[in-house]
Amino acid sequence: MRVHVADHPLITHKLTVLRNKETSSPTFRALTEELVTLLAYEATRAVRVEPQEIETPVTTTVGVRLSEPRPLVVPILRAGLGMLEGMVKLMPTAEVGFLGMVRNEETLEPTTYAERLPDDLSHRQCFVLDPMLATGGSLGAAIDFLFKRGAVDVTAICILAAPEGIAALEKATEGRDVTIVLGALDERLNENGYIVPGLGDAGDRLYGTV
Ligand code: PRP
Ligand code: URA
């Protein structure tokens with residue numbers, strides 16, 4: 001598993017505003033979208049393309065276009081939905097599937113409550129969106145799901161991760177082609193399974209408590 005932690009002052013600046021508990025939901029949503037677009041630039045570095053011949057006003061030249069089958073973007077509901085617009089802005093022709101997962105706040109175990117994905121993901125490059133990688137349970141289950149459907153490689157974009165979650169995912173994804181792109185790698189998990197210093201509950205900060 002490859003882990004790439006973004007190292008850019010603009011990303012750190014936007015993250016600082018996101019972490020601030022005084023930041024309102026509308027600002028939080030706007031910043032999340034901006035951050036994802038920046039992280040997506042790194043995450044799509046190995047997206048598959050094929051040659052395409054075109055005519056410019058001056059001459060004929062060979063450029064590239066995204067290969068078929070098109071990449072699949074999978075936001076993990078609910079918080080991952082806040083990352084979707086930022087991702088498809090960069091890759092508008094990608095297809096989008098959905099996974100709904102919620103972690104039990106007592107046991108920290110994830111359960112899947114919704115799934116809308118192609119049955120066959122053979123030859124697909126998949127991009128999973130989830131802002132928080134805490135214990136790694138939710139993302140691990142999502143990645144396992146995609147590989148069982150035939151995905152060839154999976155890249156996850158997360159805003160924040162805890163070292164404990166990265167270690168757990170490393171084990172869970174052994175032998176599979178997985179890349180994790182992070183806005184920041186934080187210090188640790190607290191006794192409630194929250195990332196420290198973190199930003200709190202990403203879903204609540206995006207959409208309010210339910
Ligand atoms: C959050 C977050 C991740 C998960 C991370 O979702 O968006 O999916 O927790 O925790 P883990 O790494 O320990 O599994 P949550 O279950 O709170 O659902 P929500 O997106 O609906 O708020
Ligand atoms: N889920 C969140 O939304 N935040 C955390 O810190 C951990 C899990």
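Count begins at 1; order follows the chain as displayed.
Cβ atoms here come from the backbone N, Cα and C positions, even for glycine.
The structure displayed is predicted, hence computed values, not measured ones.
The feature domain 'Phosphoribosyltransferase' is assigned by TrEMBL to 5-209. The 5-phospho-alpha-D-ribose 1-diphosphate binding site annotation in TrEMBL covers R78, R103, D130, P131, M132, L133, A134, T135, G136, G137, S138, D201. The annotation uracil binding site is assigned in TrEMBL to I195, G200, D201, A202.
Here the features listed in TrEMBL are painted onto the structure.
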residue : record                                              : DSSP class
R78     : 5-phospho-alpha-D-ribose 1-diphosphate binding site : coil
D130    : 5-phospho-alpha-D-ribose 1-diphosphate binding site : coil
G136    : 5-phospho-alpha-D-ribose 1-diphosphate binding site : coil
I195    : uracil binding site                                 : strand
G200    : uracil binding site                                 : coil
### Spatial neighbour of D130 (5-phospho-alpha-D-ribose 1-diphosphate binding site) that is closest, considering only the binding-site residues I195, G200, D201, A202 and their CA atoms
A202
### Query
How many Å lie between the Cα of R78 (5-phospho-alpha-D-ribose 1-diphosphate binding site) and the Cα of A202 (uracil binding site)?
9
### Task
Could you tell me which of these binding-site residues, G136, G200, has the greatest number of Cβ atoms within 10 Å of its own Cβ?
G136
### Task
Kindly point out which of the binding-site residues R78, A134, G136, S138, D201, A202 have a C-beta less than 6 Å from some atom of ligand 2.
A134, D201, A202
### Query
Of I195, G200, A202, which binding-site residues come close to ligand 1, meaning Cβ under 6 Å from one of its atoms?
A202
### Task
Given the binding-site residues I195, G200, D201, A202, state which is nearest to A134 (5-phospho-alpha-D-ribose 1-diphosphate binding site) when distance is taken between Cα atoms.
I195
### Message
Just to confirm: which same-chain residues, 6+ apart in sequence, have a Cβ under 8 Å from the Cβ of I195 (uracil binding site)?
### Response
M132, A134, L160, A161, A162, D186, R188, L189
### Query
Just the number: how many Å between the Cα atoms of G136 (5-phospho-alpha-D-ribose 1-diphosphate binding site) and A202 (uracil binding site)?
15
### Query
Taking just the CA atoms, what is the gap between D201 (uracil binding site) and S138 (5-phospho-alpha-D-ribose 1-diphosphate binding site) in Å?
14
### Query
How many whole Å apart are the CA atoms of S138 (5-phospho-alpha-D-ribose 1-diphosphate binding site) and A202 (uracil binding site)?
14
